[in-house]
Amino acid sequence: MLQSLAGSSCVRLVEQHRSAWCFALLVLGYLLYLVFGAVVFSSVELPYEDLLRQELGKLKQRFLEEHACLSEQQLEQFLMRVLEASNYGVSVLSNASGNWNWDFTSSLFFASTVLSTTGYGHTVPLSDGGKAFCIIYSVIGIPFTLLFLTAVVQRIIVYVTRRPVLYFHIRWGFSKQVVAIIHAIVLGFITVSCFFLIPAAIFSVLEDDWNFLESFYFCFISLSTIGLGDYVPGEGYNQKFRELYKIGITCKLSLLLGLIAMLVVLETFCELHELKKFRKLFYVKKDKEEDQVHIMEHDQLSFSSISDQAASMKDDQKANEPFVTSQSPTSNDSSPNN
């Protein structure tokens, strides 16, 4: 008897604080995922780093042996200056002297990476004025970019996602959830093909030192706005039509197409009913009693205002629900005949 009561009380306790337990599991899962990533990256990359360090050490020692007139301290100072310039995107190689990092096309590419928060890091402002302007430009430009992307995605998703799903649901009578899942998968496949596979194949041809995996890696790092900066297109020494190439990459991968397509796909998946139910497990539920008390505190509420609020709440609910069309009510006007 006591065991059954204890079991029922535990079940009630879990049900009452279900959102908190789910959130705790979410935090624990995220921390474990971080640790898992650190373990994998360390075990995979650490041997390559050790080999590279050994190779550089041998090259440095061989160079000092062949040039006895040069001391190790002088070589260290020269290498530090070269690496510092390289971090700012300036190379001392003779065949790289023709590539400017701050001509118009390169600056346009840099501005697009800043506003999209990609930030490759291969080119950074050198002057104090450039750094100050970058701060002001980003403070205004990043929210402006988010507003721009949100407005564009909201308009595109109506024609790309909601109307096709409603068409197959109403016209052919298929289940709305099934149609939404199939549509999301097809849209994701098309996006991956057009913005990952095909551009990766193109980059592997245009960039001499990139293979297909490295090109696909660059496309993913760019469109996910990670922007590690280890691969940047158009930086080759013998790059043909570099200005046109930079403009094309700016339009393709930064704002105009790539990020918009990614956001449309993410919004399509977020509107799936199953994902919405899953996300609600981790959200804090609103207290209905507090909402009722908050409403009762308004002494000047009238029945008309309450009905207007209820109608607006219904309209907002319909607008927020995916794949729902608003139907205009038909009213039959009849005039009494005396």
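Every residue gets a Cβ built from N, Cα and C, even glycine.
What you are looking at is a predicted structure, and each value in this text was computed from that prediction instead of being measured.
Annotated features in TrEMBL:
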TRANSMEM  21-44  transmembrane segment
DOMAIN    94-156  domain 'Potassium channel'
CARBOHYD  Asn95  N-linked glycosylation site
TRANSMEM  135-157  transmembrane segment
TRANSMEM  178-203  transmembrane segment
DOMAIN    192-236  domain 'Potassium channel'
TRANSMEM  215-232  transmembrane segment
TRANSMEM  244-266  transmembrane segment
REGION    308-338  region 'Disordered'
COMPBIAS  323-338  compositional bias 'Polar residues'
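Note on the domain 'Potassium channel' (94-156): mean pLDDT across this stretch is 85. According to DSSP, the secondary structure content of the domain 'Potassium channel' (94-156) in residues is 44 helix, 0 strand, 19 coil. As a summary of secondary structure, the domain 'Potassium channel' (192-236) carries 27 helix, 0 strand, 18 coil according to DSSP.
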